[in-house]
Amino acid sequence: MNAPTQTLPSSSFSERKYQHLYVLPVLLLEFLAIALTRAILPGLLLQKYGDNVYLVMGCTECVRGLLAFLACPFFGKLSDVIGRKVCLFVTVLGTCAPVCVLAFFSWDTQQSPTEESSMSSSTDDNFWSSLLDPATNEVAMSAFHPNAITVFVILLALSGIFSSTFTLVFAYISDTVHRQDERVSAYGLALATFGLSFTMGPIVGGYLAQQNKQYVFLTSLLLTVVDLAYIYFILPESRPIDAPSSAASTISLMTLDHNFSSSWKPWDSLRLIATDPFLRKVGEVAFLYYTGLWAIISTLSVYAVKRFHLTPERLGELMSALGLSTMLAEAVLVRVMVPWLGEKKAMKVGLVSFALQCVVLGFATEGWHLFVCAMFSLLGNLVYPSLSSLVSGSVEPDAVGEALGAINGIKALTEGIGPLVFGSLMTLSEASPLPGWPYLLASLLVFAAYRVADELPDLEEDDYIHELERKQKGGFELFALGRNRQNDDEVEGLLSEIDEYSDHEETSTL
């Protein structure tokens, strides 16, 4: 893609205080295009797959997550070399493709006069119940092309290759915001933008669907085109392209292989996290938390329709309430609570709140109970920006994309595990007296994440390992040596030796 680079001159690169704001419309437009469809897709999937919907979507999300696990580190490292702009263009195009393709199918089907009169005289809940009734299932199925949902599911699974938007956006912010406290606020602002898209999108999509479902998908297509045009013509590059690439020409603590072409191995994210004491703890928290989180993300909308018979309008309101909570949390709470409490404590507060959200879902017996989750999700949204801030503050600037890509690779791996496991559990739980019991299992995973998070260092109080590792000199490959570390005592001993080596080298030079 020969897009205009619009890279800022090196002299003014650090002077663009608000350059990170340029990337926010990318997030807003991309996820608004996706969020518009969230109010109607669960019902369409339920019509198509019936009682198998949890398994089908679990398998779909599993493939998507595994592909994202392979691709996230790749895009993170690629963007460190060729810049964020080109990578963002590709990921937005691939991520929005599943909903955009639905705009090319016909959704406007004539209904019989008897059905129209029946629909106009019924309430929203009765309408949705009749739509799902086997006696009217043939009419409901005729409302969309028989291959439309199949194509959507296939593209959704393949879109995992491009699920790196947040990795690239956070790397973009890290490039342009250098102070730690300001970076946390910028991360929160990015997630607030994400929340804004899911505040507006579902409710607007639900009411657009009353007129014609195709209006929803055409709007998503239009928003995607606008987003791509914005990236191509307006978004400035956050990295100076003419500068030497550290991934190709310098030794980085975050690189397993100094040969650039051979270092794009998908398992590097696991090796990177497994051999670094700090990132290993962060990876454990991310794995446990996101496995529980994906249990909700992949099943909640279908669960709301299948068990509580929410209409597209009510489902849109529920999704918008959750999006509003995200927006308020990231725009306000992150800016206040993370600097006040610190990354570690803020993360723990978020984990407790999310565990309570899972418990409410597990014991929910009425549709309105689902809206209570929005209250707990306010604080639950503290986890991701706190985690990202810890990681971005612990690595060298040239390796931020790779480090965040590794953590997001773990996140993507849970996207493959969580939906498949919990989709199967939700299918098994439907006949039980407590159909929401899988959400209680998710709360246990979050509790385990809390226990691991308690062992993480405080950014402001501890001299954690990365700060010491930066003292290494020359080509001493600490990362490779760390491959055989067994415990923190051995790590500290190794670092002491490195410090002695560095002091000796400095003395010799003098």
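Each residue, glycine too, has its Cβ placed from N, Cα and C.
The domain 'Major facilitator superfamily (MFS) profile' annotation in TrEMBL covers 19-460.
Annotation source TrEMBL lists transmembrane segment at 21-41 (among others).
Residues or ranges marked as transmembrane segment in TrEMBL: 53-74 (among others).
The transmembrane segment annotation in TrEMBL covers 86-107 (among others). Sequence-distant contacts of the transmembrane segment (86-107) (same chain, six or more residues past either end, CB-CB distance under 8 Å): 1, 3, 23, 26, 30, 33-34, 36-37, 75, 78-79, 143-145, 147-148, 151-152, 155-156, 158-159, 161-165, 168-169, 172, 212-214, 217-218, 220-221, 224, 227-228, 231-232, 235.
The feature transmembrane segment is assigned by TrEMBL to 148-173 (among others). With a cut-off of 8 Å between Cβ atoms, the residues of this chain six or more beyond the transmembrane segment (148-173) that come close are 20, 23, 26-27, 30, 41, 44-45, 48, 56-57, 60-61, 63-72, 75-76, 79-80, 84, 87-88, 90-95, 97-99, 101-102, 105, 107, 183, 186-187, 190, 238, 388, 392, 400-401, 404-405, 408, 412, 415.
Outside the transmembrane segment (185-209) by six or more residues, the chain places 20, 23-24, 27-40, 166, 169-170, 173, 177, 215-216, 219, 311-320, 322-331, 333-335, 338-339, 381, 384-385, 388-389 with a CB less than 8 A from a CB of the stretch. Among the features that TrEMBL reports, transmembrane segment is placed at 185-209 (among others).
Here TrEMBL flags 215-235 (among others) as transmembrane segment.
Per TrEMBL, the feature transmembrane segment maps to 287-306 (among others).
The transmembrane segment annotation in TrEMBL covers 318-338 (among others).
The feature transmembrane segment is assigned by TrEMBL to 350-379 (among others). Sequence-distant contacts of the transmembrane segment (350-379), counting only residues of its own chain at least 6 positions beyond either end whose CB sits under 8 Å from a CB of the stretch, comprise 289, 292-293, 295-296, 300, 304, 308-310, 314, 318, 321-322, 324-326, 328-329, 333, 386, 434, 436-440, 442-443, 446-447, 449-450, 453.
Counting Cβ pairs under 8 Å to the transmembrane segment (53-74), the top-ranked stretch among 21-41, 215-235, 287-306, 318-338 is 287-306.
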